[in-house]
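Comments concern the structure below.
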Amino acid sequence: MSNARLLPIQSTSPLPSQDKPAGAPRRASMQQIFRAAEHLFGRDGYKGTSMAAIAAAAGLPKANIHYYFGTKEDLYRAVLENILVDWLDDATLWIREDLTPREGLEGYIRAKIAFSRDRPDASRIFAHEVLQGAPHINLFLGTSLRIHVQNLDKVFTAWQRAGLMRPVPSTHLMFCIWSMTQTYADMNAQIVAVLGKATMEIQDYEDAATTITSLVLSGCIPAKN
């Protein structure tokens with residue numbers, strides 16, 4: 001895993017369930033709406049984004065947006081939950097017992113860095129929502145996300161019992177990984193200013209992934225492993 005490269009994320013996460021049948025044209029339209037809404041909510045915030053602007057960016061009639069999602073608040077909540085589902089999918093893919101802690105942690109860190117690189121607006125939407133007290137997704141955080149993190153703890157516990165990982169509190173480990181990887185999206189303006197660049201380059205993201213991985217593995221993996 002040490003030579004793994006950052007790859008663009010190809011999310012297979014399901015869209016929020018709807019009562020209406022989801023044919024191919026419908027799925028395509030909803031993906032257009034999600035992409036446009038994620039970009040505009042990330043750039044302009046919830047209050048600064050209108051349904052008309054999302055419709056224009058998606059290249060769809062405004063009526064279509066209301067048909068699929070109802071209100072702006074409903075769409076905003078769906079975008080947030082879709083982001084979280086994608087993040088949870090990455091954790092499920094990498095934090096599992098059939099991988100070693102070294103493989104799982106490095107793969108997960110690289111996936112998180114790739115997400116910050118490829119979908120920075122998504123990370124910023126989430127950060128802004130949490131800074132406001134998570135009014136739209138508090139229930140999701142306290143149920144789905146909490147249960148997911150508890151399930152990940154079972155994997156970490158299995159690794160620790162097998163002597164493959166130090167007894168690190170898994171929940172706080174996840175907090176650290178989230179903070180270190182998402183900062184490359186949330187605090188990107190600060191990072192590029194310090195680096196003296198207009199934008200981060202591929203090598204910068206590679207350096208970030210390598211540095212974070214080294215720090216995490218040094219603290220979590222016993223020397224013999």
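Residue numbers in this text run from 1 along the chain shown.
Cβ from N, Cα, C; glycine included.
Feature annotations, courtesy of TrEMBL:
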type	residues	note
DNA_BIND	50-69	DNA-binding region
COMPBIAS	1-16	compositional bias 'Polar residues'
DOMAIN	27-87	domain 'HTH tetR-type'
REGION	1-28	region 'Disordered'
* Asked: Under DSSP, the DNA-binding region (50-69) has how many residues in helix, strand and coil?
  -> 16 helix, 0 strand, 4 coil
* What mean pLDDT score does the domain 'HTH tetR-type' (27-87) have in the model? -> 93
